[in-house]
Structure formats: C-alpha cells, structure tokens
Amino acid sequence: MHYRSRFVCSVATKFYQNVLALVFAINEINNNPKILPNATLGFHILDNYYEAKMTYRSTLDLLFKSNRFVPNYKCGFQKNLIGAIGGLGSDASSRMADILRLYKAAQISYGAFETTINDETSFPSFYRMVPRETFQYVGIVQLLLHFSWRWVGLITTDDESGEHFLQALEPMLSKNGICSAFTERAPKKIQIDRIFEGIQNAYSNSSIFLDHKARAIIVHGETANIIWLAVIIWLTTVLGSEYIEMSSIGKVWITTAQIDFSFVYIQRSWSVEMFHGALSFSIHSRSIPGFQRFVHIRKPSGAKEDGFIKNVWEQAFDCSFPNPSVPTEIDEICTGEERLENVPATFFKMSMTGHSYSVYNAVYALAHAFQLMHSSRANHKVMANANTLAPLNPKPWQLHSFLQRISFNNSAGDEIVFTEHGELATGFDVTNLVTFPNNSYVRAKVGRLNPQAPPGHELTIQEDMIEWHRSLTQVPPFSVCNDKCKPGNSKKKKEGEKFCCYDCASCPDGKMSDQEDMEYCVACSKDHYPNTLQDRCIPKTQNVLLLAEPLGIVLAYLALSFSMITALVLGIFLKHHNTPIVKANNRSLSYVLLSSLLLCFLSSLLFIGHPNETTCLLQQAAFGIIFSVAVSCVLAKTIIVVVAFKASKPGNIFRKWVGKRLAYSIVISCSFVQVGICALWSGTSPPFPDVDMHSLTEEIILKCNEGSLTLFFCVLGYIGFLATTSFIVAFLARKLPDSFNEAKFISFSMLIFCSVWLSFVPAYLSTRGKEMVAVEIFSILVSSAGLLGCIFLPKCYVILLRPELNSREQLVRKKAL
C-alpha cells in the first residue's frame with residue numbers, strides 16, 4: 001500500500017481498491033449461507049512498503065504473531081491462517097513464497113507473472129490468479145503482426161526478469177519477421193532525488209526517440225519502468241534537448257500486464273498525455289455486481305475499522321484531517337464528504353481493475369477450497385454428541401489438494417479454475433489509454449487474448465475503437481525499418497543490417513509479386529504470365545493458326561487458288577489428251593502427278609484450325625505420302641526419258657523397258673516405302689494434339705505434337721532423297737535430243753523443291769506456334785507450285801497459245817534436227 005523513498009512515505013491510492021476488493025469479497029462470503037455456513041472469514045493486511053526485509057517480516061507475522069483481526073469480523077474459536085493473498089509484483093511474491101513454502105501454506109498471488117516462481121519443486125504451494133506470462137508474449141507478437149509493425153523498440157528491466165523477457169520474446173519476434181530497433185534496460189529502482197543521474201540517463205537513453213521509424217515500443221517490467229520512461233521524457237523536454245521533437249510524440253507504447261498500474265507514482269503536475277493512445281495488456285477483469293456501489297458509499301466516517309482510508313483520503317484529495325494531538329497549520333481540511341468518483345483515474349478508479357478482480361477471485365478460491373475440505377469426510381470427526389460434527393483443526397498443507405481442483409463461476413460469470421501449473425486458466429484484456437485535458441484517463445477495452453481460441457487467432461482487436469496519439473497523421477501508424485516493397489518487387493537483403501531492413505529489387509523476367517513486401521518473386525501458373533508491371537498474372541491467349549485470322553485467310557486462299565489452277569491444268573490435259581505434246585510426255589504420269597499436286601495443295605488446309613486427333617494423324621501422313629507420289633512421278637518421268645533415249649539405238653537392252661509398266665513400277669515402289677514409314681510412325685508414336693505452355697511467354701501453343709521427331713524427319717528425308725535423285729537424273733538428261741524433252745524443266749523444278757525444303761528445316765526448328773505451322777504450309781505450297789509451274793506451265797503455253805507447235809510435223813522436224 002505504501003511507497004517509501006528517502007524523504008517521504010506516501011500511500012499508493014490506486015492500490016486501495018485491492019483492499020476494498022478483499023473486504024467486499026469477504027463480506028459477500030460471510031453473508032452467503034451457501035458458502036461456509038458455519039464459519040466466518042476474517043483477514044489481516046500487512047504492508048511491505050516495497051522493501052524486501054519488510055516483506056519477509058510481514059510474512060512471518062502472518063504465520064506466528066498473534067495479531068487481532070479487524071473488528072466486527074468473527075473468526076471462530078481459533079485464529080487459523082488458511083492462506084495468504086499476495087503480492088502485487090514478482091519480487092514481493094517470491095519473497096513471500098520463500099517463507100510460506102517452508103510451512104506449505106497456500107499462497108495466491110494476484111499480480112506476479114514471473115515464471116520462475118512457478119517451479120513446482122521449489123514453490124509447491126504457490127498459485128497465481130493471472131495466466132502464464134509466455135502467453136502474453138504470443139499476444140504481443142500477434143498485435144504487432146495485426147498492425148504490420150516489424151520494426152519495434154524494447155524496454156525492460158535491467159535484471160533477471162528483463163533478461164528472461166528478452167530471451168523469450170526476441171526469438172518469437174524473429175520467427176515472425178519482426179526486428180528490435182533497440183533494446184533499453186531500465187534500472188530496477190528509481191530515486192527521483194538523484195537528479196544528475198537522471199539527466200545523464202535521459203541523454204544515454206535518447207535512442208528511444210532517435211529512431212523515428214520505430215513507432216511501436218514494447219515496455220515490459222514493473223511499474224518502475226513506466227516511471228523511468230516518464231522521467232526520461234520529462235527531463236528531455238525540460239532540458240530542451242535536441243531530441244525533443246522526437247520524444248514520445250508519435251509513439252505507440254505497448255505495455256505488459258505487469259504495469260497495469262502504470263501511473264500510480266506520477267505526480268499530479270505531470271501530464272499523462274505523453275502516453276495517450278498506449279495499448280496495454282492487462283489482467284482480464286469484469287464488472288462485479290455491487291462492487292462499484294460498495295466503493296461509492298465508502299467514507300472515512302463509516303469505515304472506522306479501516307486503517308487505510310484516512311491516508312488514502314488525504315493523498316487522493318490533497319487535504320488533511322485535523323489532529324488535536326499534533327497542532328499544525330493545515331492548508332486544506334478533509335471533510336470526509338469528498339467523493340471518490342471525482343478523483344482522476346491516475347489515482348483511483350471506481351470500476352474494478354485487473355488486480356482487484358484477481359484479489360476478489362483469490363478470496364473466493366480460498367473459500368471454495370476450504371468449503372471442499374470441510375465437506376470431506378476425511379476432514380471431519382464425530383464428537384461425543386452424535387448429532388454434532390466439528391471440523392478438524394486444518395493444517396495449511398491440507399488445503400492444497402482441494403485448492404488444486406476447485407472449479408466455480410464467480411458472480412461475473414467467469415469460470416475460476418487452476419491449470420496444472422497453478423495458474424488461472426484465463427487470458428488478457430487489451431486496453432487503450434485515452435487521456436483527457438484534466439489529466440485523467442480511462443482504459444478502454446479494445447481487444448481480448450483468449451487461450452481457448454484456435455492457435456494463431458488468440459488475439460481479437462476492435463481496431464475502430466482504438467484512439468491513437470493525436471499527433472499521428474497516419475493511423476494506424478507505420479513501424480517498419482523502410483517502406484514496403486511494392487508489388488512487382490521483392491525484398492533484397494541489406495548487408496550489415498537486420499533482416500527487417502532491406503532494399504527492393506524488381507522481379508526477374510517471367511516472375512511477379514502481387515503483394516507488398518514479398519520475400520521472393522514467384523512464377524505464374526503455366527497458363528498465365530506476368531504483366532508489364534510484374535504485379536499480377538494475366539491469362540495466356542491461345543496460339544493457333546485459325547482460318548478467321550489474316551495469315552490463315554491468306555494461306556487458305558493460296559492453297560485453294562493453286563488447287564484451282566492445278567485442276568484447270570488437269571482439265572486442259574484431259575481435253576487435249578490426244579495432242580502430241582501430251583502424249584509425248586507420258587500422259588498417264590502427268591495425270592497422276594497433277595492429281596497428287598492437287599491433293600498436296602489441299603492437304604495444307606489440314607494444318608489450319610484447332611488441332612484434333614484426326615487432323616494431327618492425317619497432316620503429316622497425307623503430306624508425306626502425297627508428296628512422295630508426286631516426286632515419284634517426276635522421277636519416273638525423268639527415268640522414262642533416259643530409257644527412251646537409250647532404247648532408240650538398235651539392239652539396246654533398254655528397249656524392253658519402254659512402256660507404262662516401268663513408270664507405274666517406279667511410282668508404286670517409291671511411294672510404298674513412304675507408306676511403310678508413315679505406317680510405322682502411326683503405329684509406334686503417332687502425332688497427337690498437344691499444348692505447349694513454355695515456348696512462348698504470353699501464349700499457349702495449340703499444336704500437333706509429332707510424336708517422334710525421328711520418324712518425322714525420316715519422312716522429310718525420304719522425300720528429299722527422291723527429289724535429289726530426280727534432280728540428278730534430270731540434270732544429266734537435260735540435253736538429250738528428244739521432242740518435248742522436259743528434263744531441263746524437271747531439273748529446275750527439283751532445284752526449287754530442294755531449296756525450299758532445305759530452308760524449311762532450320763526455319764521450322766527456329767519458330768514456334770502458328771509461325772511454325774505457317775512455315776510448313778508455305779513450304780508445301782511453294783514446292784508444289786514449283787513443280788506445277790516448271791513442268792506444266794510450258795506445256796500449257798504451247799497448248800493454249802502456240803497450238804501450231806503442238807503438231808506431229810513439228811515433232812518430226814525436231815527429231816530430224
């Protein structure tokens with residue numbers, strides 16, 4: 001209750017509510033016939049004055065010194081200590097535990113979070129009305145992640161507790177991508193009167209304000225840490241430091257539940273506005289029915305048994321009660337009619353705080369455990385009077401088995417049950433500090449840390465209820481080392497800096513980032529590609545040669561045009577089939593050649609449109625076989641010319657080869673080889689419809705997969721072999737003296753044919769998609785047109801334009817020459 005310095009001993013008025021919560025709970029129990037109906041609870045309050053030796057002494061007094069209880073509370077025929085409630089902080093609690101554990105007396109702390117006290121071997125009789133401290137660290141991390149605060153400051157106590165806090169929290173921060181901008185350790189004890197040391201401390205800890213990027217600062221420890229921080233800010237302001245512009249303005253202070261009473265010792269003249277907008281984890285509390293009225297009617301005149309109320313009244317209202325035995329001049333006399341609700345929340349709160357709620361629950365926990373012990377047969381004995389049961393004189397250690405298994409709901413509806421570690425199975429409230437011009441403040445609940453929630457979702461925040469510091473221009477504020485990397489970029493580590501400080505690098509080609517601060521750029525799915533800014537994926541378009549597009553229209557038009565020209569030439573030859581020029585060049589082979597060329601032109605149409613199983617299978621097979629027939633006809637024509645010249649000499653053996661059988665044999669045998677290759681191709685690795693998503697960045701190629709490139713090039717190679725053979729034979733026979741000798745025209749046509757298909761191979765392999773298909777169609781059309789034009793155009797010229805040359809006399813004259 002009291003805070004002792006070198007000069008004064010003053011009452012901490014806010015702690016007075018803990019006393020009232022204790023009294024209120026005991027009153028409720030004693031007036032409740034359902035709880036301990038045959039017993040009356042009493043209490044004895046001892047103060048430790050925030051000193052270790054006083055804590056030990058007060059604890060020993062509880063155990064051994066026969067002090068009288070507070071008047072008007074009957075304790076029965078014995079004064080038995082059934083349990084101790086305390087202390088507020090970890091230091092006081094651990095010192096009490098050092099004594100109480102020796103006698104196995106139950107101790108319930110209402111404000112100690114230090115996990116080392118919970119060692120069941122060293123402190124088997126220690127319980128706490130607060131949750132485990134490490135769960136609070138989970139809430140801190142989730143709060144930082146909720147607001148994307150990745151660059152934060154840490155302030156803790158310069159002691160073992162502070163080191164434990166850093167060792168526990170810092171790995172959790174790193175694991176979640178959060179860095180500490182700085183770590184400051186506050187002295188465990190503060191002596192305001194040592195002003196020069198305070199000034200030096202203010203300058204040495206100016207890094208708290210230097211890093212303007214670290215907007216969020218976590219403050220851990222006891223109440224003294226906030227006081228130390230307030231002193232630093234106040235001294236920095238008073239001294240006119242160069243860091244004044246970077247003081248607490250624009251900071252978001254995140255305080256732990258250990259400093260739930262953060263502003264107890266800040267003087268009235270100090271403004272709490274410096275901490276406006278702070279977010280605090282606090283012990284979970286709820287409104288207890290009747291408690292606020294109980295506090296409201298509390299007056300010095302009506303609470304004569306209360307040894308604290310006059311000191312609290314004088315401290316809260318800055319007045320003094322007259323003391324006849326000590327005549328002194330009094331500036332302001334306390335009337336006793338002042339109202340506690342008018343006291344700023346800095347000094348006293350009317351609503352139940354987290355610590356008072358814990359005290360209230362601790363009293364009920366001891367009462368319920370004591371009732372379980374009384375109701376147990378093992379704790380009763382039958383007296384001489386058979387109708388009378390008297391409780392045994394309980395020993396402190398007997399209470400533990402009952403205290404460990406209590407489970408009840410308090411008057412606010414919360415379940416009170418201890419975990420296996422002796423901690424209350426509850427969570428934390430998240431409060432927002434809102435200050436007012438009259439130096440008062442309220443802690444508004446804006447969230448909850450619930451241990452029963454699914455992992456990762458324990459924290460719930462009502463962001464719209466938070467009131468931020470008035471100087472902030474951006475809410476929620478940013479607390480990051482550098483600006484976020486925009487979509488289209490990824491993080492790039494800065495040498496010598498923490499991982500939270502990074503540069504931004506543009507995504508490489510083919511990758512994108514669609515969110516801010518992405519660690520790595522990622523590739524789009526196979527059917528998408530990055531846009532120009534590389535911040536999203538765009539669906540790829542289909543790449544297929546269609547009849548509706550310009551290129552498809554042109555190629556189809558050429559194919560149909562050449563087909564019509566070929567059909568026209570065939571019609572001309574059929575009409576003039578008895579003329580010498582048609583008969584002299586083996587008209588049957590000419591008909592077969594023209595028919596195959598017509599099919600060649602038409603086969604190119606199979607390559608236009610969406611590929612399917614039928615078209616894919618027919619494309620290459622039809623092309624290979626038809627072209628083989630056409631080139632075989634050309635080869636047969638050339639060989640017939642040579643054989644005919646040789647057979648013109650008397651007695652030559654070639655005379656028996658002259659005739660249609662030789663021509664048909666050449667065409668059939670040469671074509672049969674190609675048919676065999678195509679049959680093998682279709683039987684082993686036939687072409688099939690395929691989708692190529694990788695060759696082009698922005699398009700999906702719909703194509704016919706050859707199945708076997710080896711057999712595909714075998715088909716082309718065989719056609720090339722026939723064409724080369726025809727070219728060689730025709731070249732050798734180009735000067736043979738024969739009427740209408742077409743060998744020289746065949747030589748030229750084969751030269752065009754070979755040139756086209758030799759150029760086709762590299763062009764085909766270097767293109768993708770519709771361009772590849774267009775190259776093959778173009779090669780088919782050009783090579784076929786070369787055969788048609790070189791072989792049949794001169795004959796059509798004679799038939800149509802120079803009919804006088806298409807006569808037997810002309811044939812005889814040429815032979816005579």
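The backbone N, Cα and C atoms fix where each Cβ goes, glycine too.
As stated in TrEMBL, the feature transmembrane segment covers range 588-609 out of the listed 126-147, 588-609.
Most Cβ pairs under 8 Å with the transmembrane segment (745-765) belong to 709-733, among the candidate stretches 551-576, 588-609, 709-733. Put simply, of 551-576, 588-609, 621-642, 777-800, the stretch with the most CB pairs closer than 8 A to the transmembrane segment (709-733) is 621-642. Regional average pLDDT for the domain 'G-protein coupled receptors family 3 profile' (551-815) in the model is 84.
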